[in-house]
Amino acid sequence: MLVRNKVIFLSTVVLALACCIQASTVGLEYFFTDNFEEFRDRPIQWSNSTPVPHWVHGTFVRNGPGRFNIGGRSVIHTFDGFAKLHSFKINNGTKILFSAKFLGTSTYTRSIAENDYATSITFDGVNPAFTFEERAESLVNGIDNTNANIWKIGTGRNAEFVGLTDGAVFSKFDIGTLNTIRLVKPDITHPIISLLSLMSTAHPLYEPKTGHTINLVYTVNIVPGLKHTLTLYRMKDTATQEIITNVKLERMSYMHSFSITDNYAVISLYPLYVSVSKMLNSAEAGKCLEWEGKDDTKFLIISLKDGKVSEMKTPGFFAVHHVNAFEQDDDIIVDMITYPDNSMLYQFEIATMLDAQKRSKLTNHALLKRFTLNMKTSSVGVSTFSPKTPELNFVNRMELPVINENHRSGNYCYVYGVVFSFDSQTPTVHDNFAIVKKDLCNGGKGDKYWYLPNHYPNEPYFIPEPNAKAEDQGVLIATVLDGPRKESYLLILDSQTLNVVNYAYAKTYIPFAIHGRFFPGCPELVNPVGFMM
């Protein structure tokens, strides 16, 4: 069985390198299809005899939309599907327990009770659209469909696990059962009207010197002529927040992530502005965004010690994900996945994803870039990375970037991600997805990818080998949709070679899971339900 699996994967790589695969996206629709199943600790099995390292011991949790239709309404964009958690408890690399459960947000529980999509702020609306009265209710209800990411606040048995979105709200849940505990709003948000403290990021970061969580929140000023406020804050637990600084802004820029170094938070303000008047009219975040590409992108460099703010500018661009940042002499190095504008935000509309002809018109404009911010001259340098070969240039067009978190805020060499390819510029993986590895330090010599036709990976996560001597020594863990089987599986790749270590089919399909994390040695694994210790 092991030899047969190796032959299959080797044959696939050879065919891909020959650039002769023309995929037909079999089964892609299951990424965007409702899955109502909820269950706890369902045993699943590795598919071959290759051992998974014993230090792969913990819980891998994915968060993303799991349902797109309810009653007579459906969401228009993937981002508005109801948040659903999927977890894999792995015991010393051997036994696996798989769980799935919807987050019990207000939006979800009201929707189930009403058999209709409950009034709330969405990204791109619903079909049929909300009425005027329903849009007004949506503004009052705000957003709590926390379907984008997972985060752990605190340490040890006092750690709190939360689901996140780009709203200033968390959904606290039990990592063992996936049961929702309660909704959490940072104390710095506006206590009366949720619209006023609406925006945050789905990617908080750990402060290198303390381990506390750092994030930001926007407070909107709806009075014309008055400035909005961006607040950078430190969170020790869900009940304890500390303001680092407040920055007054003429206009609000949409953002999904930022970077952190040993001493600074690096925030990028793109010329993608939030129109308060459009938000009040539509209650749809996607319809209130205004791209003004002639404007610069501004970098705010904020001291984590005293809140002092420096500002630098570069010609306008857009990004969803920062990769990493670190200090080097007088420079701050910031790596980001960039775009010429914000059009990519709308590519994952469900109607587009389910229509091959519409998908064929999409172009992958993602590009990994490095920004060098000089703290003495306030200048910004911009550079790109060379590919290993011209045919592997698509590796530089990844999204959902992840790194070895032990190298967060420090100099590093490797970034992993997923290429979503629908255009002919990436013929090797055309109309398919691939997991990729980018070598930043050696001219792309270590660039690699993993790809199977009609298999659709989600964002991978890097699990480092204990006491590793090399930065890329460990494994990648990811969920992958097997299109022909209409079933997802848990995949383990060697993070140095991207060779398959093992995989376990989940006996169901997992819709498009946006982000996730692996939590090593969670206390829930001491003797979870289903494990015979």
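Glycine is treated like the rest: Cβ placed from N, Cα and C.
Marked as signal peptide by TrEMBL: 1-23.
According to TrEMBL, the feature Fe cation binding site maps to H203, H256, H321, H515. Just so you know, the Cβ of H256 (Fe cation binding site) picks up 17 other Cβ atoms within 10 Å once every protein chain is counted.
Highlighted in sequence order, A148, N149, T201, A202, S257, V320, H322, L400 have their Cβ within 8 Å of the centre of the Cβ atoms of H203, H256, H321, H515, the residues recorded for Fe cation, and are not part of that set.
Sequence-distant neighbours of H203 (Fe cation binding site) (same chain, 6+ residues apart, CB-CB distance under 8 A): N149, L164, H256, S257, F258, H321, H322, H515. Between the binding-site residues H321, H515, the minimum number of other C-beta atoms within 10 Å of a residue's C-beta occurs at H321.
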